[in-house]
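Asks: The feature domain 'Photolyase/cryptochrome alpha/beta' is assigned by TrEMBL to 5-134. Annotation source TrEMBL lists FAD binding site at Tyr229, Thr241, Ser242, Leu243, Leu244, Ser245, Phe284, Asp384, Ala385, Asp386. Among the features that TrEMBL reports, site 'Electron transfer via tryptophanyl radical' is placed at Trp318, Trp371, Trp394. Among the features that TrEMBL reports, region 'Disordered' is placed at 519-561, 579-661. The compositional bias 'Polar residues' annotation in TrEMBL covers 586-614, 641-652. Feature annotation from TrEMBL assigns compositional bias 'Basic and acidic residues' to 623-634.
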Amino acid sequence: MEKKCKSIVWFRRDLRIEDNPALAAVARDGTVLPVFIWCPKEEGPYHPGRVSRWWLKHSLIHLQQSLRSLGAELLVIKADTTLSALLDCINAVGATKVVYNHLYDPISLVRDHNIKQKLVELGIEVQSFNGELLFEPWEVYDDNEQAFTTFNAYWEKCMNAQKDPVSHLPPWRLALAEGAGMNTSVEALNLENESEKSSNALLGRGWSPGWSSADKTFTEFIEHHLLNYSKDRLNVGRNSTSLLSPYLHFGELSVRKVFQSVRMKQLVWKNEQNTVGEESATFFLRAIGLREYSRYICFNFPFTHERSLLSSLQYFPWDSNQAHFKAWRQGRTGYPLVDAGMRELWATGWIHNRIRIIVSSFFVKFLLLPWQWGMKYFWDTLLDADIESDILGWQYISGSLPDGHELERMDSPQVHGFKFDPEGEYVRQWLPELARMPAEWIHHPWDAPLSVLKSAGVDLGSNYPKPLIDMDLARDMLTEAISVMHGKEAAGKAAVTDGTDEVVFDNSEPHEKVAVSKAVAKERKPCPASSSHDQRVPSMRNANSMIQNRKRPNPGEDGRVMKDNVNSCNIDKQVSKMGDDDLCSTAESSSSKKVMTNSRISFSVPQNCSSMSTGAPYPVPESSDHNDSWHEEVGTEEMSSKNGTSNLQISGKQIIHEDES
């Protein structure tokens with residue numbers, strides 16, 4: 001009689017039963033031990049924030065109940081290292097195989113690569129699968145095998161690719177591998193401490209974590225709200241979006257399922273000549289594509305959590321002003337729409353993507369604060385905090401992407417206020433001190449007559465701050481900063497030409513400048529246990545690459561990275577802009593991909609995490625402790641590696657991300 005295989009299913013950000021490739025792969029093979037390992041030490045500065053941990057806690061409880069109903073028990077472990085926890089599980093049940101679904105952020109890439117190497121050296125079979133994306137990041141390249149650096153070109157290639165729809169049905173029954181006598185309750189992980197529980201209590205009123213709730217939320221959206229999504233998505237209220245972003249981040253919802261369902265709706269509406277519905281589906285699919293693209297960028301350019309994709313930003317004279325940073329965090333900038341957004345973020349852990357764009361643009365363009373600070377703050381405070389989406393969003397806003405905002409573009413919060421909150425309802429909700437201001441003045445109270453201010457009970461500089469910085473002055477300062485950047489960039493290029501080789505880098509130790517090309521696995525000796533679905537990792541040259549040409553091409557042509565000589569990487573002269581409305585957070589998930597993982601892989605990831613690491617040019621902001629007394633008055637909130645072998649070092653990431661619009 002054939003001996004049944006004992007397999008460990010390592011859950012991470014794939015907390016679902018349905019369409020889970022790793023779980024499906026071993027469900028029929030023998031006995032299964034589902035494992036979730038909580039190892040905050042390995043997250044470095046990207047340890048999840050309070051509201052994100054609240055969501056994780058309840059999602060794990062739901063997953064545990066679901067697995068129990070199938071005959072298995074989720075083993076929840078708090079450990080100093082993931083590898084040691086996995087080895088303990090392997091020894092406890094005599095497992096011969098470990099399976100998991102891919103992650104693409106730099107920390108996970110390094111950790112997973114090192115763990116796989118160690119396990120296969122010990123004779124353990126290791127297989128990994130794509131449970132997160134429609135396309136693996138190493139599957140989509142241009143005709144010259146170069147990585148795309150503009151979204152439209154990338155997404156067009158994806159949409160034109162022929163892929164058979166694949167879905168993994170949830171198992172009817174699981175056979176539990178016996179012997180793991182070390183079960184830890186989810187409560188024992190201490191994902192929320194006693195001091196956090198009162199604030200977290202309100203979260204359950206607006207959100208219901210877990211894969212079953214994710215499915216219900218998606219069904220409700222696609223049946224009742226998708227049709228008018230193209231119009232409703234610009235409203236800054238919570239009900240104008242799908243609210244799927246936290247479910248997608250924690251893998252409670254298969255993005256492949258989302259994509260296929262919306263695509264079917266799109267085709268039906270197209271046949272019915274329902275242009276509103278067809279347009280809505282198109283917008284939503286682009287939102288899915290942007291989450292996909294965020295993983296693509298982070299994989300092919302793994303330095304983007306700390307350095308701009310465009311090299312000229314390395315010379316930008318950011319202003320490390322702690323007082324301005326604090327005023328922005330507390331929602332006391334004197335610009336009502338910005339302040340309302342930041343107070344909603346603190347109170348609920350969630351803000352509409354349009355508001356994310358507005359507050360982050362103010363952060364970068366008005367205050368000239370390092371975008372990495374804002375990215376890290378979003379990571380600390382958002383319920384749907386997602387590293388890759390945050391990276392994409394903040395780089396987009398800061399002019400760091402070929403198809404992002406121009407750095408010189410400065411949008412007025414006042415104008416945006418009248419456009420997206422014309423009656424001032426959103427501002428009144430989150431800024432009670434302005435609740436009695438007439439709609440005519442609510443987005444620029446500094447211009448209101450004294451009689452209007454007095455009648456509304458507003459005393460500027462007392463119960464509501466005066467503008468932190470005048471817009472004309474902010475524009476002049478931004479223009480001057482850009483001029484300084486261009487001057488330093490020219491001097492840097494001249495120094496290299498003169499042979500002095502004086503190069504300044506954005507927020508990291510110097511990295512070699514080389515052409516950006518397709519991520520390629522570097523072979524060592526064969527790996528004894530591998531699958532055609534297994535994870536690839538960036539090559540050394542991809543990890544150290546940076547796009548040199550800052551000049552923004554004309555809209556139109558696909559923006560692919562072309563091979564160039566020695567120290568330069570040129571962007572094609574014509575690119576298409578993403579558009580503010582596209583920067584959202586919906587994802588995709590998918591089936592297996594062809595991958596070269598019969599080999600051990602050597603790659604490098606930048607060491608320090610921008611402003612958060614010791615050697616960075618920006619001091620660590622006092623930022624993320626969230627203990628400011630003003631915040632305590634605002635109210636509760638409701639939403640939102642370590643060296644491996646050889647030269648593998650890592651840090652963390654995040655940005656504007658949200659639901660989808």
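The chain as shown is numbered from 1 upward.
Here the Cβ of each residue, glycine as well, is placed from N, Cα and C on the backbone.
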Asks: With DSSP helix as H/G/I and strand as E/B, how many residues of the domain 'Photolyase/cryptochrome alpha/beta' (5-134) fall in helix, strand and coil?
Replies: 62 helix, 30 strand, 38 coil
Asks: Looking at the recorded sites Trp318, Trp371, Trp394, whose Cα is closest in space to that of Leu244 (FAD binding site)?
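Replies: That would be Trp394, the closest of Trp318, Trp371, Trp394 to Leu244 (FAD binding site).
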Asks: Please name which of the recorded sites listed here, Trp318, Trp371, Trp394, is nearest in space to Phe284 (FAD binding site), Cα against Cα.
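Replies: Closest by Cα: Trp394.
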Asks: I need the nearest neighbour of Trp371 (site 'Electron transfer via tryptophanyl radical') among the recorded positions Trp318, Ala385, Trp394, using C-alpha distances.
Replies: Trp394
Asks: A 10 Å Cβ contact count, applied to the recorded positions Tyr229, Phe284, Trp318, Trp371, Trp394: which residue has the minimum?
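Replies: Among the recorded positions Tyr229, Phe284, Trp318, Trp371, Trp394, the lowest count of other Cβ atoms within 10 Å belongs to Trp318.
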Asks: Cα of Trp318 (site 'Electron transfer via tryptophanyl radical') to Cα of Ala385 (FAD binding site): how many Å, rounded?
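Replies: Here the two Cα atoms are 24 Å apart.
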Asks: For the domain 'Photolyase/cryptochrome alpha/beta' (5-134), provide the mean pLDDT of the predicted model.
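Replies: So the average pLDDT across the domain 'Photolyase/cryptochrome alpha/beta' (5-134) works out to 92.
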Asks: Taking the residues the record says bind FAD (Tyr229, Thr241, Ser242, Leu243, Leu244, Ser245, Phe284, Asp384, Ala385, Asp386), how far apart in Å are the two Cα atoms that sit farthest from each other?
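Replies: It comes out at 23 Å between the most distant Cα atoms.
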